[in-house]
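Here the structure comes first, spelled out in structure tokens, and everything after it is commentary.
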Amino acid sequence: MASCAAAAAAAAADGGGGGSVVWFRRDLRVEDNPALSAGVRSGEVFAVFVWAPEEEGHYYPGRVSRWWLSQSLRHLDSSLRSLGTSLITKRSLDTASTLLHVLRSTGASNLFFNHLYDPLSLVRDHRLKELLTAQGINVRSFNADLLYEPWEVNDENGSPFATFAPFWNKCLNMPYDPASPLLPPKRIISGDASRCPSETLVFEDDSEKGSNALLARAWSPGWRNADKALSAFISGPLLEYSVNRKKADGATTSLLSPHLHFGEVSVRKVFHLVRIKQLVWANEGNKAGEESVNLFLKSIGLREYSRYLSFNHPCSHERPLLAHLRFFPWIIDETYFKAWRQGRTGYPLVDAGMRELWATGWLHDRIRVVVSSFFVKVLQLPWRWGMKYFWDTLLDADLESDALGWQYITGTLPDGRDFDRIDNPQLEGYKFDPYGEYVRRWLPELARLPTEWIHHPWEAPETVLQAAGIELGSNYPLPIVEISAAKARLQEALAEMWHLDAASRAAMENGTEEGLGDSSEEPLINFPQDIQMEVDREPVRINNTPSADRRLEDQMVPSMTASLVRVEQTVVSADTRNNAEDSRGEVPTTVDFSPHQQGDQGGTQAGRNNVLRQNAGDSTAESSSSWTERDGGVVPVWSPSVSSGRAEQFVADETGIGSGGYLQRHPQSHQLMNWRQLSPTVTRSWEVENAVQPNAIG
DNA sequence: GACACTTTTAT
DNA sequence: TAAAAGTGT
């Protein structure tokens, strides 16, 4: 592949070669966009966006997410026009062939794009790269989404970290800084796209227009707006970020997450600007400001970590990373699920959160934790359903971040939360919303209830309820499950889980389950069909008129079809055996590489100089994976399994980790999934390193 | 500075 | 819950 890199460098240098297609995805900005810069450097540019949502399978973007995307694309197009070109949009069922078509019809010979790390993109991009390279196209890809590429951050043995804290610590102490942000191009030489006309993309149907119109009042997509939001945050709420972190409303946060998801703002720019501010505050002896920056950067770090996790464990959006959880007896209850979605659980903080989510597509991080923890531990619904609902409703829906969040809540990360501790929404209510303002804003039916009872109306005296106009069970529900009952039920469920886990283990040792066969796999509980949104007849209105709650109740509450709840052990798309049309690859295997110290040679990309080699000879490989050196960076390329089934893919490594808490009682079960997929070298060093988990679940 | 005590926070 | 970080003696 070295010759390829050399060719690319040559093309970049002589500025010719028939022009470049710059393929935009979730990097909808002209500033600090390495793929765009590469295109500009090499000559004529064709900027392209391909809309192929069917390729996303279950993860077809939700309504609000599509709305954001449409706005952001419009914004990008206008920026590109002011620079001398425009955005070519294409509707497609198959991105690779559409891109090939674009390349052919424009006569371009280069394809440049920026990396994505979700499991679908990893596989698709790899295939695409192979396909187009075979067609003689010069394909190059770049890091535009992360401070450091996942494969750059390793422990002293060269193995990936399995917990967040040391990962982030390493990121903050890397021997080289994240690349400095690139300036936007001054001008773009547009290629002649007359033979490659844009197609009109439709992102919303008529029924969605009303609700979407309302979103525009609260949000301004687009990279310039993202930039403004960043400046506003840094000069405003950032200073008090640490102090305000307990507040449930959004005014104190950065509100950057949807901008970041669509790549409207570069994390590297965020990082650099925030660090500069931190230095200023540090010089002034402003401890609070310094602390706030650390805390804010940590949330940036979690975003980085979500990509890291997805890269190292590409199943993390659908499978628990710790093996034992596959035996948890989830409660398959559509009524619970619906009550949660509608914000009618009887716990005001949870309900307020769910109504805010539905009405606005956004939730404070704290409240996300509250509602998802309630979902998993009190209702004991399968976490993937909750994650899917978030996917459908969040403006900043992000597969990697959401998978990290839900796995953390579910306790299936080595450093996740204890599964056996239930958070009490009443106590959390008084913690995050001490005066009940948040609850009153989103639950108008409770607006007149005094603060003393606002987070536990079921205990309020009848006279108080009457005075507040509340009739429990009628205009506001009684608790759907009592916390004490939930605790008892959770204990039972966990006992059952450990029992099944132990049984499976014993069976395996006896060789009963030959070759770690199918029965060792977690039964994947499928989504209750894809959650169907009922048609919104009217825009959401949140106000304090008496009819407001009623409207909330019948509008747009997503519903699901009962008959489609499936509990059988259907293999979803993780199965790559014979599922050609939906073959999301799951497994990077045999990643074998020897990263050299990245000397910064004045270039903007880290990752120059890496020496890579392909490890082709590993017989345990289920899918081919190789590392390709390309100009300006290292690109991991994966392809899905062709040969064996997926049984092996999910076998936990024999290495137990963790200590403390319930895991100490079941130490043998606490194993990380997926390590098998790493190269023998990596796995071996992992085994050596495994004992040290200072912050294990306790 | 050493200690007991309380408060905070957890990816 | 339990470890860390504050607070007061």
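Glycine too: its Cβ is placed from the backbone N, Cα and C atoms.
TrEMBL annotations:
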type	residues	note
DOMAIN	A:18-147	domain 'Photolyase/cryptochrome alpha/beta'
BINDING	A:Tyr241, A:Thr253, A:Ser254, A:Leu255, A:Leu256, A:Ser257, A:Phe296, A:Asp396, A:Ala397, A:Asp398	FAD binding site
SITE	A:Trp330	site 'Electron transfer via tryptophanyl radical'
SITE	A:Trp383	site 'Electron transfer via tryptophanyl radical'
SITE	A:Trp406	site 'Electron transfer via tryptophanyl radical'
REGION	A:571-646	region 'Disordered'
COMPBIAS	A:606-627	compositional bias 'Polar residues'
COMPBIAS	A:633-645	compositional bias 'Low complexity'
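Distribution of TrEMBL features across the structure.
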residue: A:Tyr241; record: FAD binding site; Cβ contacts under 8 Å, 6 or more apart: A:Thr252, A:Thr253, A:Ser254, A:Ser292, A:Val293, A:Leu295, A:Phe296
residue: A:Leu256; record: FAD binding site; Cβ contacts under 8 Å, 6 or more apart: A:Ala226, A:Ala229, A:Leu230, A:Phe233, A:Val265, A:Val270
residue: A:Trp383; record: site 'Electron transfer via tryptophanyl radical'; Cβ contacts under 8 Å, 6 or more apart: A:Ser372, A:Phe375, A:Val376, A:Trp406, A:Gln407, A:Ile409, A:Thr410
residue: A:Ala397; record: FAD binding site; Cβ contacts under 8 Å, 6 or more apart: A:Pro61, A:Gly62, A:Val64, A:Ser65, A:His261, A:Phe390, A:Trp391
Structural state of A:Trp406 (site 'Electron transfer via tryptophanyl radical'), classified by DSSP into three states: helix
Other CB atoms within 10 A, centred on A:Ser254 (FAD binding site): 22
DSSP helix/strand/coil residue counts for the domain 'Photolyase/cryptochrome alpha/beta' (A:18-147): 65 helix, 27 strand, 38 coil
Residue with minimal Cβ packing [other Cβ atoms within 10 Å] among the recorded positions A:Phe296, A:Trp330, A:Trp406: A:Trp330
Most distant Cα pair in Å, residues A:Tyr241, A:Thr253, A:Ser254, A:Leu255, A:Leu256, A:Ser257, A:Phe296, A:Asp396, A:Ala397, A:Asp398 binding FAD: 23
Secondary structure of A:Ala397 (FAD binding site) (DSSP, helix/strand/coil): coil
